[in-house]
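The domain 'Bacterial sugar transferase' feature in TrEMBL is assigned to 270-459. Annotated transmembrane segment per TrEMBL: 12-31, 51-67, 88-108, 114-133, 276-296, in sequence order.
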Amino acid sequence: MLGRRQEFNLQLQQISDAILLFVGLLVGHWLRGDVARWIWPEMVEIPPFSESFWLLAVVCPFLPLMLEQQGYYRNVLGKRWWDFVRQMAQACTLVGLMVAFCEVILHWRAQSRAAMLIGLALGVVFLLTRIRLAQLVLHWRIVHGYADKERVVVAGHVDDIAEMLETMPAEQRAEMEVVGMFDVMNEPVEELVKLLHDKAVSRVVFTVRHAHFHKIEAAVQACEVEGVEAWLGADFFQTSLARPGFDMLGGRLMLVFRSTPTISWELWLKDVIDRLGALSLLVLSLPLWLVAMIGIKVSSPGPVFFVQERAGRHGRSFKMLKFRTMEDGAQAKQEELAAKNQMSGPVFKVENDPRIFKFGRWLRRLSIDELPQLVNVLRGEMSLVGPRPLPTYEIQRIEKHSQRRRLSMKPGLTCLWQVSGRNKIKNFEDWVALDLRYIDDWSLWLDVKILFRTLPAVLRGGGAH
């Protein structure tokens, strides 16, 4: 019930926030459309609110979803006011980019930008006020003993029980009353049954890291007979990175350990942004495509595009596209330059590579040679942001298995490595460390920050050979 109650509370908060955003936008339209014109009659009349329903469809559902991804609704009791403001600012930035995309690319017009900005500002104030009031009410209920607590028994190895209670967040502790502890290893199941009867227990939480499974099974069966919920901790395997979760396979409940971002609205939105962003950039960059194609044809005999087998997600190969910047047949001459390789590990990078023709060097300096990869993004083989795809033959040379985890996310056009110095980073381990940091810390907000850092890095030509 604690988990279901928290899920219900989360959904209730998101629905409440969506309603408050609707009210904020409505009031913003009223202030700009009626109140402002009453004070200043010469102001231009704005269209009715009904003509901007698309704004409601974008802002009202997606801002609460982005807030959830930023952790806005989690651990409310232990947060400072600044934490809420910071998470709100990050979520508003993401939703603001969505609104800008709808206006600029899709040509969906708001009834009035002033009304929209006033409404959004009011909505943000309403949301921050609501979460602050919820925080104060929760604190007051705990202090005065009015919190609706669920009676819980914690079972398992005594050391695991102590650790679990010490590390449990105050907000969750406030929702439950630990009425007993059961040592699975040394006490008979009858003692657990007695606790269930005497204390009116609604749930038994098992921490099973150092307990024997057959003893846990007997205790769980006792809970089943009594109609009491049994919750088992999924931390009995010690993993340094993977996070446990659950899924279904062939009607069986499976415990899943993931070291990459789980399937979520945020990942779905990343995919949508990838496709729409790639399509928009493709259209906007067509003049550069024309310049590149003509320049390559004039400067060097051979095809316009360079197509190479690269390793995609989980190592699945795909044909990556680039504008050709080297002389035709340059791949066959790579062995001759092996002694000049400046990168450690399996990667081949040569500064001032003699195989690159003059116009190709200019294309590389401004990263124009990467533009055809927008087609790979549209195909779903790549993302706008993600670890750069390596040639399949370089992947086969990776010696450390831990470095292959960079393949667990879809490769991208830009990444932390690219905005952190690019080819100035000579150590392959440093490159991989940046990729793994991206995977471990991934969020839409991180993608946005990398995209904003990419343009200055490209214009500077920093690290490009």
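Every residue, even glycine, has its Cβ placed from backbone N, Cα and C.
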### Summary
Per the Cβ filter (under 8 Å) with a sequence gap of at least 6 from its ends, the transmembrane segment (51-67) is approached by 13-15, 17-18, 21-22, 25, 29, 73, 87-88, 90-92, 94-95, 98-99, 102, 108-111, 116, 120, 123, 127, 265-266, 269, 444
### Message
With Cβ-Cβ distances below 8 Å as the criterion, list the same-chain residues six or more beyond the ends of the transmembrane segment (12-31) that contact it, or say none.
### Response
46, 49, 52, 55-56, 59-61, 63-65, 67-68, 73, 111-112, 115-127, 130-131, 134
## Note on the structure
Other same-chain positions with a Cβ less than 8 Å from the transmembrane segment (276-296) and lying at least 6 residues past its termini are 101, 105, 304, 323-324, 359-360, 362-363, 368-369, 371, 374-375, 377-378, 384
